[in-house]
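*Asks:* Annotated domain 'Acyltransferase 3' per TrEMBL: 14-326, in sequence order. Marked as transmembrane segment by TrEMBL: 20-40, 61-81, 133-150, 162-180, 200-216, 223-240, 246-266, 287-306, 312-331, 361-381. If you look up TrEMBL, you'll see 593-612 marked as region 'Disordered'.
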Amino acid sequence: MVAVLTVFANHLWNWPSGGFIGVDVFFVISGFLITGNLLRDAEKRGTVSFQQFYWNRVRRIVPAATVVLLLTYLAAVLVFLPFRAREVGVDAIFAFAFLSNWWFGFKGTDYFRASTDTVSPLQHYWSLSIEEQFYFVWPALIFLISVFVLRKAWTHQHRMQLAAAAMGGIVAVSLGWAIYRTHTAAIAAYFDTFSRVWELGVGALLACSVGLLERIPTALKPLLSWAGLGLIVASLFLLSDGASGFPAPWALLPVAGAALVIAAGVGGEPQYQAFLRNPLSGYIGDVSYSLYLVHWPIIVIVAELMNSGPGYDLAIIALGFGLAIASYHFVENPLRKADWSKFRYTAHEIRRRRYAPQKSIEYAAVAALSLIAVGVTAFAIRPVEPPTLPPSVIAQAPEAEAPGTAPVGPLGAELQNEIGEALKATEWPNLTPPMEQAIGGQMAPSEVVACGQVDLYSVEKCTWGSPDAPFRMFVVGDSIALAYAGPLTKLVADSNGQMQVHVAPLAGCQFSNDQIFNADEKSVAVNYPRFCSDLYRRIRNMPRQYSPEFRDRALRMLDTTMEASEVSEFEAIKSVSSKLGISEESLRRWRRKAQVDAGERPGTSSSEHAEIRRLKREVADLRRANEILKSASAFFAAELDRPATK
């Protein structure tokens, strides 16, 4: 119960900050329960029945997972753009094959940086994939151990000891790999099976050590249980999205907490922590698998149909629990508990079967609810007609006076003609790549994106063009500069050796000599100041400098353009508002609402205030860095404006 609710809350509200550790708790519980079943089966049969084990896994996991995959894909086709819907279809194929974690790792998915605008609604299937990959290997290992024990005529106790020794080695190796992988490639480590096996292995070790755990004094069990629960709760609030050192070593906190709670419960049901052992908690635990399956697709898909707010939250909670309960009672539980031998009926027997009235009522209720759900969904995603002005308003609106325009040259005239033709278009052109693919894909080719990471950057790999090119460019800055780098490299490639570009932007970081913090906002990116200093030195040493007069003219032009843009936008808003009959009081009300949304007025939560303060600090840093970018812009303009000299 605790595991699935913390994951649900974290995905919906980003609270508690470490709610994602619910998956780690689930891994430990799963390893304990499934390994216990395997060992009991081995003790009863003397070996492991692969057929029975995997048939039980299929009945438990596959039906509900498959139904959610199909419904999620259908919803994606209805709600998303075609390109994104196709991506969801591919994700569904890998999820059905229990390979989601490798697929998302291959795509470079950052679990902690994903937005509901771009994230896959099936991303949460990564944990199921890791679990099933583990159970594809672990039963075979127990089978080999059982065969060895039978040949040696050893006891079941020997089997338990050998299994514990084998799993202990697996846990040690996997944990070591997880620490290394997290340090060198944290994004990939999150989805890496070998970085996660140790968590399932801890649960398996507990199952192999049941004999020892039963000897724990009864008086000590409450202490162990509360200590374990304390570790889990501490993890929920001490860890945060994108925390460095996750999954290793910091996943040790929730894993150790879950292990202590399980150890305290071996040998009988404890009589404490009643809030975890009551009918409601038990029922939430029963539907937890279905709730985990449906919660994330609902969050992602409904976000396309509704704005965030209390209504959105209530819709997510109602749909999440409603669909989870329906899935549990009509898909998961019936198929898991069904006696499949009863389905061997003859055609005559099938024709003679009649459903009981109670069953008819149940199925009618399900059908009615389904129709209601389809109707509500169709209403929610219906096309919205564009707003139109009343005829009287249109008739009264005077034509806007055309502002004075300066004469334009041939290039300007050509651009005006192209804009005019574009405004006459009635449909989108066939772009390559499609617009949705360009928006949803990488901002630049992989080799360019690599130049935006300090650890992967090198002068040789991040320079395009001839070393003897008369015109050279440096691209520095953050992710915006990185987005420009791709087209510039193509421009250089088509310049017949006349241009060279050096790409050195850092995605998510401003370009300055100040210390830059990593995603956890605690540790410093130690290479960054040296990285920027080297770039400054190389830029200063470029052979063709620009004159002070040109720099002053460029900066004045930049400042004037920015000020004129701000004034013109403000005047345009006032002009259009007055023509549409919108009063200044309405504008002020909208402004006050925007201030509340921005966290500047009462009605904003403490967490939102903290986020606003953090953003304001970033704005201050960006303003300081803007002076550098202004100089850099003028410098590049001068570099391309002046004739080549030796």
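Glycine residues also receive a Cβ, built from the backbone N, Cα and C atoms like all the rest.
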*Asks:* Looking only at the recorded stretches 20-40, 61-81, 246-266, 287-306, 312-331, which one has the largest tally of CB-CB distances under 8 Å to the transmembrane segment (133-150)?
*Replies:* 20-40
*Asks:* For the domain 'Acyltransferase 3' (14-326), would you mind checking the mean pLDDT of the predicted model?
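*Replies:* Across the residues of the domain 'Acyltransferase 3' (14-326) the model's pLDDT averages 91 on the 0 to 100 scale.
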*Asks:* In terms of Cβ proximity under 8 Å, which residues at least six beyond the ends of the transmembrane segment (20-40) contact it?
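*Replies:* For the transmembrane segment (20-40), the nonlocal Cβ contacts are 2-7, 10, 48, 53, 111, 127, 130-131, 134-135, 138-139, 142, 159-160, 163, 167, 196, 199-204, 206-208, 210, 232, 235-236, 239, 241, 247, 251, 253-255, 257-259, 262.
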*Asks:* Could you check whether the transmembrane segment (162-180) packs against the transmembrane segment (200-216) - three or more CB pairs closer than 8 Å, residues at least 6 apart in sequence?
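*Replies:* Since 3 or more Cβ pairs under 8 Å link them, the transmembrane segment (162-180) and the transmembrane segment (200-216) do come into contact.
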*Asks:* Give the nonlocal contacts of the transmembrane segment (61-81) in its own chain as ranges (CB under 8 Å, at least six residues past its ends).
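*Replies:* Residues 88-89, 92, 95-96, 121-122, 125, 128, 132, 289-290, 293-294, 297, 301, 304-305, 327-328, 331-332, 335-336, 377, 381, 436.
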*Asks:* Quick one: do the transmembrane segment (200-216) and the transmembrane segment (246-266) reach 3+ CB pairs under 8 Å, ignoring pairs fewer than 6 apart in sequence?
*Replies:* yes
*Asks:* Which bits of the chain, at least 6 residues beyond where the transmembrane segment (223-240) starts or stops, bring a Cβ under 8 A of a Cβ in it?
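*Replies:* Those are 2, 6, 16-21, 25, 216, 246, 250, 253-254, 256-265, 270, 272-273, 520, in sequence order.
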*Asks:* Can you work out which residues elsewhere in the same chain, 6+ from the ends of the transmembrane segment (287-306), have a Cβ less than 8 Å from its Cβ atoms?
*Replies:* 1, 3-4, 7-8, 11-12, 64-65, 68, 71-72, 75-76, 79-80, 116-117, 119-124, 312, 315-316, 319-321, 323-325, 327-328, 331-332, 380-381
